[in-house]
Every structure is written in structure tokens, then in C-alpha cells.
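Q: Below are the C-alpha cells for one structure; questions will follow.
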Amino acid sequence: MAVVISSSGNAQAFEAKMTVYVFICVIIAAVGGLIFGYDIGISGGVTAMDDFLKEFFPAVYERKKHAHENNYCKYDNQFLQLFTSSLYLAALVASFFASATCSKLGRKPTMQFASIFFLISVGLAAGAVNMYMLIIGRILLGFGVGFGNQAVPLFLSEIAPARLRGGLNIVFQLMVTIGILIANIVNYFTSSVHPYGWRLALGGAGVPALILLFGSLLICETPTSLIERNKTKEGKDTLKKIRGVENVDEEYESIVHACDIARQVKDPYTKLMKPASRPPFVIGMLLQFFQQFTGINAIMFYAPVLFQTVGFGNDAALLSAVITGTINVLSTFVGIFLVDKTGRRFLLLQSSVHMLICQLVIGIILAKNLDVTGTLGRTQALVVVIFVCLYVMGFAWSWGPLGWLIPSETFPLETRTEGFALAVSCNMFFTFVIAQAFLSMLCGMKSGIFFFFSGWIVVMGLFALFFVPETKGVSIDDMRDSVWKLHWYWKRFMLEEDEHDVEKRTA
Ligand code: BGC
């Protein structure tokens, strides 16, 4: 499949305006990211609501009532975790189907499928009268996320004028964080609506799903997708429309050329296994693992639960989640601003040290002061919240957006969508692992869980230091020569392939 994108740093100088139409398209498509964020944020609040627990998880509700028996274990329940995590497993599977619909049918229908999955799933989950409806609803939501997360970042990259591409890519992450924040606010207000607050909270996702469904009727297909599917005239007309200029010949030719090259690669997945694909492949997959093992989703999914664990009341816990959500959104702007200035490596390294300190402080306070049955003092609880906020800040300008940006800009054209699809599903897999395991880990490891994540932060910092080269300002189609061939470790794979090519030619 062909994806024609160039980095913001070395954008080809095709004639283009930032048209109102492109702006509208970007906003509508990014609503897909907002729904993803809403789902991340909503489950923690819903699973902390008594009405919800009474109806579906009575055992957890009983245990919670006797919370003084064990702080760390009151929410530990495999089914409760399955409610949160099933979505990600479904999204993992769905992203492979979505990769196929993206190339065969286009980005726009893939987004429309996503919105239909979202709508059906919201109906099922918000109207659930038994566990099956609830879980099937979550699974369909996962399908929506899989389709949306595959199509939206690609759509954004292809529709944006080249010089704005880096920043526009992070609009996706920005919308994710806004979705999480909206969910936190909705959780806060619906928690006092009895007994149906949780239905309103889960049903809330219907609003952006409708915006995506109807909004997607207004947006265009991307020129690359049209040209790739041999609709060349329509592709050229769309290009003129979105660029706001008559002369689009150069950009059009470059897309046609890219499509020709991509068509020659019959099996991109085999190509991904070749040595030359090793650097973006290994980095792209490991970034997903590391992004999740920063422990961010332990906070995002379970913030209210976590704050209750350290002794906040129900309302205070939900309110604290609103505060962390706000910080998450604001700090993402810092990422948008810095990513093309300080570069990717600086952000990854700075935040590794930053997040490490926060995790250690939280772990030490909990280890020293929160025993299995007591609560934290007011000041200590406040310090925990402050360090959770600082931690979220560090994540939001680094591993959060870069986890999506780096895999979208480092694969060569021939394997770009397939490489990205693998990265999306890898992200979903590790998100699933954390969602499924966190509450049991909290119960088993107690405050030690924060030292566990700290250990991984050390590993990922070292990985970034030695294995993630700077890609700021490098043209997306020039990674091989300007980045991999110059890197102390990755260059061996490039040489290996060059030697292989020479052997093939002389044989
Ligand atoms: C991650 C999510 C996370 C979110 C937090 C995203 O980049 O993929 O798993 O919940 O950031 O803002």
C-alpha cells in the first residue's frame, strides 16, 4: 500500500495552502482519536461506581465495602479487568482487517466502519442488562478503536500540507488526551446520578461517534488512496481541492511514482522481516512496549481507583482524575511545540529521568506510609497526587505522542502502512496486558508496582540513549541513508543488505 508523506523538517516544496477544507477534515477525522481517549478514561470511573459494581460485579462491591480489610486488593477481579481490557484485544485483531480495508477501500470508509462499530457498541454497553451485552459492547468498541486508530493517523498525514505534517500528526494524540479529560469530567458528574450514572457515562461516547459518522460524509478520500486504487482523475481533482491551488502536478507525480514503487512490493510483510527493515521494525515495536510499561495506563484507566486506594473519597478521587487529565492535555501542547525543535531524542531522554523520579517518589511514599489496611495522611496523599501529575506531564510530551509519531515516520514507503498496523496492534497488545494485569499486580506487589515500572523506565531510557537515533528534520524517504547507515548499531543491517544485493547482482 502506498502512503506518501514527508517529514515536517524536510518537506518537499509542493505548492499548497492550508485550506479551510483541510482544517475541517482534520478536525472531523481526529474525532476518532477523541473516542479512543474517551474509552481509555471512562472505564476507570465506571468501574469505581457503586451502582455499576452492584449490578455487574457484586463480589467486588462487597469487597469494596470492607475496604479496610485490604487497600491494595479491593478491586482485584479478573472480570472487572476484562471489562477494561477486552477492548484492546479486539482492537489488536481489528487493526489487521483495518489495514486491509484502508488499502482496498480507502481511509474514509475505514473511518466510517469505525463510527458504525462505535455506535452499535455504545448502544449495547450503555443499555446492558447482563454481562454479555457489556463485554460484547466493549469488544465492538475495540473494533471501532482498531479501525479508527489505523485510518485516522494515516489520513491526517496524507491530507496535511507537507510543512505542517509533524504537528498535525500529534493532533491525533492531542485529541486522545482531550477524550480522556472529557471522560474524567463525565465520570465526575455522572457518579452522583443514581442508579444510571454509569449508563450515561458509557453512552456519552455516542456523541463523538455520531459526529464522526455524519462528519465523515463531508470529508474527502485522500489523493494517495484514490491514485493507489487507480482513480487517478479523482485523485488529482481532490489534490487540487485540498491544496487550494491549480498546479499540483509535481505532488501528483510524486504520489503516482510512490504508488508504482509500492505496487512492485508484492508482500510487504515478508519485506518487513528483511534486515533492512530491522531498525524501524525493532524501534517501532519496542516503543509500544515501553510506552505501556511506563505505567501510564495504570494511571489513565485506574486513576480514580488508584486515588481511592491511597485514601481519597469517591468524589475527590474522580476530581483528581480530572486534574491529571487537564495536565495531560496541556502538556501535549508542549510536545507539539518542542518535537521539531529539541528533537525526539531529547524528549525521550528528559522524560525518562523525569518519570523515573516521579515513580520512585510515589513508590517510596506508599511503601513507607500506606499499609494494607490504613489510609495516607492528607499531606502525603496530596504529594502523591502532585507526583502523579508531574509524571503524566513527562509522559504527555514524550513517550505518549512519540509512540505514534516515530513508527509513522521511520518505515520506508513500501512497508509503511503494514509496519504502522503492526505498531498499532503491538500498542493494543501491551495496553491489554497492563489493563488486565494492573489491579492484580497492585494487589500482589502493593507499592512495589511503582518500583516495577521504575525499572522499566531505566531500561527504556537506556534503549533511547543507545538505539533511537534522531529523526528530526530528516526527510521521511531518506531515513536509510541519513539515519540508519550512520548509526553505530543499525548500520550493520544496511551493510548486510547492500552485500546481499551485490551478491545477487553478480550471481
Ligand atoms: C497511549 C495511551 C495512553 C494515552 C495517554 C497514548 O499515546 O497510547 O495508551 O492512555 O497516550 O494520554
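For all residues, glycine too, the Cβ spot is worked out from N, Cα and C.
From TrEMBL, here are the annotated features:
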TRANSMEM  20-38  transmembrane segment
DOMAIN    25-472  domain 'Major facilitator superfamily (MFS) profile'
TRANSMEM  79-98  transmembrane segment
TRANSMEM  110-129  transmembrane segment
TRANSMEM  135-156  transmembrane segment
TRANSMEM  168-190  transmembrane segment
TRANSMEM  196-220  transmembrane segment
TRANSMEM  281-305  transmembrane segment
TRANSMEM  317-339  transmembrane segment
TRANSMEM  346-367  transmembrane segment
TRANSMEM  379-399  transmembrane segment
TRANSMEM  420-442  transmembrane segment
TRANSMEM  448-468  transmembrane segment
Q: Using Cβ atoms and a strict cutoff of less than 8 Å, what residues sit near the transmembrane segment (379-399) while being 6 or more residues removed from its termini?
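A: For the transmembrane segment (379-399), the list is 177, 287, 290-291, 294, 296, 299, 303, 306-307, 310-312, 320, 323-324, 327-332, 334-335, 338, 347-348, 350-351, 354-355, 358-359, 361-362, 365-366, 369, 460.
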Q: With contact taken as 3 or more Cβ pairs under 8 angstroms (pairs 6 or more apart in sequence), are the transmembrane segment (196-220) and the transmembrane segment (317-339) in contact?
A: no
Q: In the same chain, who gets a Cβ under 8 Å from the transmembrane segment (110-129) while lying at least 6 residues past its ends?
A: 29, 32, 35, 56, 98, 101-102, 136-141, 143-145, 147-148, 150-152, 155, 199-200, 202-203, 205-206, 208-210, 212-213, 216
Q: Which range out of 79-98, 281-305, 317-339, 448-468 gives the transmembrane segment (135-156) the most CB pairs under 8 Å?
A: 79-98
Q: Check the transmembrane segment (317-339) against each of 168-190, 281-305, 420-442, 448-468 and return whichever range has the most CB pairs under 8 Å.
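A: Checked against 168-190, 281-305, 420-442, 448-468; highest Cβ contact count belongs to 168-190.
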Q: Below 8 angstroms Cβ to Cβ, which residues of this chain, lying six or more residues outside the transmembrane segment (281-305), approach it?
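A: 40-41, 43-45, 47-48, 75, 84, 180, 184, 187, 272, 314, 317-318, 320-321, 324, 355, 359, 388, 391-392, 395, 399-400, 402-403, 406-407, 410-411, 419-420, 422-423, 426-427, 429-431, 433-435, 438-439, 442, 449-450, 453, 456-457, 459-460, 463, 467-468.
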Q: For the domain 'Major facilitator superfamily (MFS) profile' (25-472), report the average pLDDT of the model, please.
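A: Averaged over the domain 'Major facilitator superfamily (MFS) profile' (25-472), per-residue pLDDT gives 89.
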